[in-house]
């Protein structure tokens, strides 16, 4: 403990694995290793294929590249502490290291939400204004959108580590997960956390919440446009280009909303459920997104097959 008058701050936190299954952590690490391997190899494959295939140098695939990079970042943020705990029972994480991990986890989550919104906007323009699509979403515009997404995530979350660092901590130092999460850390404080709760809620609603609303609005407009198409075949063809993105949105937002609600209102939720939802939120989307796009996108699939044939 670091002592400064009435101010107490732990030198480290203790991470927690899966409650009640601590004796099985070595066996549980096997599916986690498989998911991490799928996420790392799958997203690297997506980036490699898009880079090497000239025909995929389009806005839709630029945004997919951003999604793949974000997923890789999320995997690399949680992999060391999660596997370190499961393999070697390394539960201790330094206070500053914990805040750093938390900051990057939240930034990357917010970036992923924004990228999914950008991909929804791309699908809306491509379906509603196909002739204007190349002139609206130029390469320069896509780069500007990407920079704006990163800047928004970094700036909006910058106060969070400082708001946590000002708090006095006492008593319990055990986190609920094998990674650091803002609501999880602030609950360990024995000080007034109203500012943290209020700021966290405002930022969540004004970023991820607004992203989700605009994604829904985009699809309402897409459906409205699709309904006006002449034939059933054209409708299905237009909607088929959105299936991958819809799956990615559901895979990301459902566990994220569930985890946020549990941390804020789920006092009686069993710890095991809370832990499983947290792992689902941070590990499943990066592992599933490359699979979803490889299966549903004919261009990605064909480019992958060509690359395999050349090997």
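Cβ atoms are placed via backbone N, Cα and C, with glycine included.
The domain 'G-protein coupled receptors family 1 profile' feature in TrEMBL is assigned to 42-293.
Summarising the annotation, TrEMBL assigns transmembrane segment to 24-50 (among others). Listed by sequence, the residues of this chain that lie at least six past the ends of the transmembrane segment (24-50) yet keep a Cβ under 8 A from its Cβ atoms are 17-18, 56-57, 61-62, 64-65, 68-69, 71-72, 75, 79, 82-83, 85-87, 89, 279, 283-284, 286-287, 289-291, 293-294, 300, 303-304, 307.
Counting only same-chain residues 6+ beyond the ends of the transmembrane segment (62-88), those with a CB under 8 A from a CB of the stretch are 15, 17, 25-26, 28-29, 32-33, 36, 39-40, 43-44, 46-47, 50-51, 101, 104-105, 108-109, 111-112, 115-116, 118-119, 122, 139, 142, 146, 149, 178-179, 248, 282-283, 285-286, 289-290, 293. As annotated by TrEMBL, transmembrane segment applies to 62-88 (among others).
A Cβ distance under 8 Å defines the sequence-distant neighbours of the transmembrane segment (100-121), meaning residues of its chain 6+ beyond its ends; these are 60, 63-64, 66-67, 70-71, 73-74, 77-78, 81, 93, 145, 149-150, 152-154, 156-157, 160-161, 164, 179-182, 185, 207-208, 211-212, 214-215, 218-219, 245, 248-249, 252-253, 256, 282, 285. According to TrEMBL, the transmembrane segment annotation covers 100-121 (among others).
According to TrEMBL, the feature transmembrane segment maps to 142-164 (among others).
Taken from TrEMBL, the feature transmembrane segment applies to 197-223 (among others).
Per TrEMBL, transmembrane segment is recorded for 235-256 (among others).
What TrEMBL records for 276-295 (among others) is transmembrane segment.
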Task: Arithmetic mean of per-residue pLDDT over the domain 'G-protein coupled receptors family 1 profile' (42-293) - done: 90
